[in-house]
Amino acid sequence: MALKLLSKLRNQNLQITRNRNHHRLLDAARFFSEQPVSNLSTPDDSKFIIKNKQQTTTSSLKQHELAKFAAISDTWWDSEGPFKPLHNMNPTRLAFIRSTLCRHFSKDPNCARPFEGLKIVDVGCGGGILSEPLARMGATVTGVDAVEKNINVARLHADLDPETSTIEYCCTTAEKLVEEQRKFDAVIALEVIEHVAAPAEFCKSLAALAYPGGATVISTINRSMRAYATAIVAAEYLLNWLPKGTHQWSSFLTPEELVLILQRASIHVKEMAGFVYSPLTGRWSLSDDISVNFIAYGTKDGQ
């Protein structure tokens, strides 16, 4: 199984940031999945129903995950609070998004508003810490989150600045947007897929939201022993960067799994990079090291 999967991945046209050797991605990801990708979804009873405006829709999110984030929703814009790691990582995440989307849509990455004219959806937007800078870069942004408290916080904060007050925030899910036949130039879901019950179904919804030829950006945490040691043991229990229980190691995806799941959803990964934290500077940077946090950019099949 491992050899077969590696063979498939070596046929993918992957490009790691600052590393044009496509096969190095496969060599770097040492901790391999013990579960077939076809089984990376949960039974229907692991899903739950969201009622919104008299309509009922099935979401791929886990109910206990929503409750967990609802409990700390008031702290989204506290840069020293539970979401401090995301605030610190945000400039690096945005650098990757700016670079890949400008290249994909032939935009000038050096101009002040490179995303002018692009429709972008931020799936699992939380309090809007990613949606707001995307709007400032000129994008027409829709931020969606299944936690109503998150959306309320995001709206209140966005209204403080005329540049971000145009963001459309909706308490809904990716699945619901698909039902409404919404389409976007770029679909972004950062640090979300590790919290859903059915990653494969979630990625199908993300793909359905993108125009043919559109872009998708996803970030998550690798299911490696190093990730367990740093993202859970250190971040949650030793350094108290995150509330205990924020992540479940078994819910993480390896880069190989994510690539295959996206491929089956008609999204082809073109570039992948890792996020590496320096305790000396307190900053994150892009790296070839995808053993813990990583981000992927892909394109949807055109018609």
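Glycine is treated like the rest: Cβ placed from N, Cα and C.
Over in TrEMBL, the protein carries these features:
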BINDING   ARG93, GLY124, ASP145, LEU190  S-adenosyl-L-methionine binding site
BINDING   GLU191, GLU194, HIS195  Mg(2+) binding site
Neighbouring CB atoms within 10 angstroms of the CB of HIS195 (Mg(2+) binding site), all protein chains considered, total 22
Spatial neighbour of GLU194 (Mg(2+) binding site) that is closest, considering only the binding-site residues ARG93, GLY124, ASP145 and their CA atoms | GLY124
Give me the non-local Cβ neighbours of LEU190 (S-adenosyl-L-methionine binding site): same chain, 6+ apart in sequence, Cβ-Cβ under 8 Å, ordered along the sequence.
-> ARG93, ASP122, GLY124, LEU130, VAL217, ILE218, SER219, ILE295
Nonlocal neighbours by CB distance (under 8 Å) for GLU191 (Mg(2+) binding site), same chain, sequence gap 6 or more | LEU86, GLY124, SER219, THR220, ILE221
